[in-house]
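> Shown below is the structure under consideration.
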Amino acid sequence: MCLTNYLILSAIFFCLGIYGVLVRRNAVMILLSIELMLNAANINFVAFAKYMYPHMLTGHIFTMFVIAIEAAEVAVALAIILSAYRHMKSINVEDINLMKW
Amino acid sequence: MNYTLLTPEIIICCTAMFILVIDLFLSQGAKKLLGWIAIIGLICAMVAVYNSPHGLAFGNRSFVVDSFAIYFKYLLLGIGILVVFSSMDYLKDRTSHHGEYYFILLLVIMGTLFMVSAGELISLFVSLELLSIGSYVLVAYLRTKQGIEGGIKYLLFGACCSAILLYGLGIIYGMTGTTEIKGIGEFLSHNDKGCALLLGLAFTLVGFGFKIVCIPFHFWVPEAYEGAPTPITGFLASASKVASFAVFIRIFIEGFGGIRQEWIMALIVLCILTMAIGNLSAIPQANIKRLLAYSSIGHAGYLLIGIIIGTTSGLSAVMFYLLVYALTTLGIFTVIAIISNKINTDEIDGYTGMYKRSPFLCLCMLICLASLAGLPPLAGFMGKFYLFAYAIHSGYIYLAAIGFIFSTISVYYYFRILKSMYFGDVKDESIIPTPFLLRLILILIMLGLFLIGILPQTFISFALESAKGIGCVNL
């Protein structure tokens, strides 16, 4: 295994994430796609840290911070989506358009 | 380790925790106390900033206190105090959950303080997310339909853009081997830049373009501004923008200043688009918060001119303009909050004949809008004057000309609001009550606008001194 393989893997994940964000209409699925994008970035950090700068821990530490932040973000996101469901009985982003663009 | 540098942040964090605990023991009538505790905490933090030495808190550059950061900390804490004052009145009848509101608000202010001090990508990303996640909650805080809709849109756009930003930061880390912004700058001055680095740069630009609200990353702005509680709209328009611009300056001037020719063209295009679309979309708006949302996009365009100039004096003009803009915006949103307490709508139609109902608020609105439009002798005029003068001085005459044209257009839609306030028939003649405290604060804001407009020298030289904290590449 070399660095390039990991970078390609992360690029594929990132593109899948962007694709999901653009085509999915369910708020939770969009959130999942965003998680995929964040994890693609995480793979990048760890791969770079392991193959290019093995004597430093910066990349690993960055990843750990990102994982913690992701958890916080998802907690807040699910809370907001839940209260949207209570109000509008739907979490389809196309139904959530009381205000025009 | 030098924890004394962190005193303002520690004070705010402790105040936030204290508010959360004390909230449990207060009866519903005594909740007003929480706002005062928040204000005391913010004032103490301001005193701590005043006494703060310069230096690095942790040896590396993850927390830098330099003159640049100090300037922004004063500004952000000032914004925080004004937002808390206007929230105290606005929240009174709208929700019974006051403790959590001030808790989150203080944490978000703490996030902005960390942001302006972040000289390193990890601390930068963490503080950026502290600001964003808190803002998502605050936008949806009152759980009205509009609020939740604004919150969801802000959240999905925000999370997506921070993922893109993170991917970009990852590539930059991989190519340069460091997460310190200054280290990145040094690396770029000695080494060849690769294609991958430019990709990272583009992703970073998208992430920050979202935060400072430039076209085409602005879709969340009108919804979030319209749906959020009015003081929070003021906060998003001022503090969030101020802190994001501080970070943007740090990363693009200090980090990528050496490869300026790679991103300057993209930034010029974004700047012109932002000025044009922001100001033009504001014209047909019927909701005042939506109108101001688009106008704030236009102002982000003017501010980008200063970053394109890229010299110390250009940055000082940006910092001065941010001060003026934040003060003016908070004045306007305070007035909107007071009026909406009574009339329960933010539509411009509802403002018809407001002059009969509250001449004082109308006068405040007049002065603030005139300052936003950039009419002399108000502060907004001096802000635009310095920005455009430095642009002409550095050879960006076309940017100054475009900026001037669009700020003339902006006069039209600002005065449309004033027209409906001062003229038009009054259906309901009831007086709009203004609490004494807010009246005092509005008077102070007005005086401030006149003072900055007439004596800008003191402020601009302070901004210039502070801008020297950022190592500019000499042009």
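These residue numbers are counts, starting from 1, taken along the chain as shown.
Using N, Cα and C of the backbone, Cβ positions are placed for all residues, glycine too.
What TrEMBL records for this protein is below:
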DOMAIN    B:118-409  domain 'NADH:quinone oxidoreductase/Mrp antiporter transmembrane'
TRANSMEM  B:6-26  transmembrane segment
TRANSMEM  B:33-50  transmembrane segment
TRANSMEM  B:70-88  transmembrane segment
TRANSMEM  B:100-118  transmembrane segment
TRANSMEM  B:124-142  transmembrane segment
TRANSMEM  B:154-176  transmembrane segment
TRANSMEM  B:196-220  transmembrane segment
TRANSMEM  B:232-251  transmembrane segment
TRANSMEM  B:291-312  transmembrane segment
TRANSMEM  B:318-339  transmembrane segment
TRANSMEM  B:360-383  transmembrane segment
TRANSMEM  B:436-455  transmembrane segment
> Looking at B:154-176, B:232-251, B:318-339, B:360-383, B:436-455, which one has the highest count of Cβ pairs under 8 angstroms to the transmembrane segment (B:196-220)?
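Out of the listed stretches, B:154-176 contacts the transmembrane segment (B:196-220) most.
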> So, does the transmembrane segment (B:33-50) come close enough to the transmembrane segment (B:318-339) to give 3+ Cβ pairs below 8 Å, pairs being at least 6 apart in sequence?
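These two segments do not touch.
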> Count, for each of B:100-118, B:124-142, B:291-312, B:360-383, B:436-455, the Cβ pairs lying under 8 Å from the transmembrane segment (B:232-251), and report the range with the highest count.
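Stretch with the highest Cβ contact count: B:100-118.
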> The transmembrane segment (B:360-383): which same-chain residues, six or more beyond its ends, come within Cβ distance under 8 Å?
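Sequence-remote neighbours of the transmembrane segment (B:360-383) are 295, 299, 317, 320-321, 323-325, 327-329, 331-332, 335, 338-339, 354, 407, 410-411, 414-415, 417-418, 421-422, 432, 434, 439, 442, 445-446, 448-454, 456, 460.
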> With pairs closer than 6 in sequence left out, are the transmembrane segment (B:154-176) and the transmembrane segment (B:100-118) joined by 3 or more CB pairs under 8 Å?
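These two stretches do not touch.
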> Compare B:70-88, B:124-142, B:154-176, B:291-312 by their Cβ pairs under 8 Å to the transmembrane segment (B:436-455) and return the stretch that comes out on top.
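Going through each listed stretch, the top one turns out to be B:70-88.
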> May I ask which of the stretches B:70-88, B:124-142, B:291-312 has the most CB pairs under 8 A with the transmembrane segment (B:154-176)?
B:124-142
> Taking a Cβ cut-off under 8 Å, which residues six or more beyond the ends of the transmembrane segment (B:124-142) line up next to it in the same chain?
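Distal contacts: 94-95, 101, 104-105, 107-108, 110-112, 114-115, 118, 148, 150-152, 154-155, 158-159, 162, 165-166, 169, 181, 211, 224, 227-229, 232, 235-236, 240, 243, 247, 251.
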> Excluding the flanking five residues on each side, which residues at least 6 beyond the ends of the transmembrane segment (B:291-312) place their CB within less than 8 Å of a CB in that stretch?
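For the transmembrane segment (B:291-312), the list is 212-215, 218, 221-222, 224-226, 233, 237, 241, 245, 248-249, 252-253, 257, 260, 264, 267-268, 270-279, 281-282, 285, 318, 321-322, 325, 329, 332-333, 348, 372, 384, 387-388, 390-391, 394, 396, 399-400, 403, 406-407, 410, 413-414, 417, 464, 467-468, 470, 472-473, 475.
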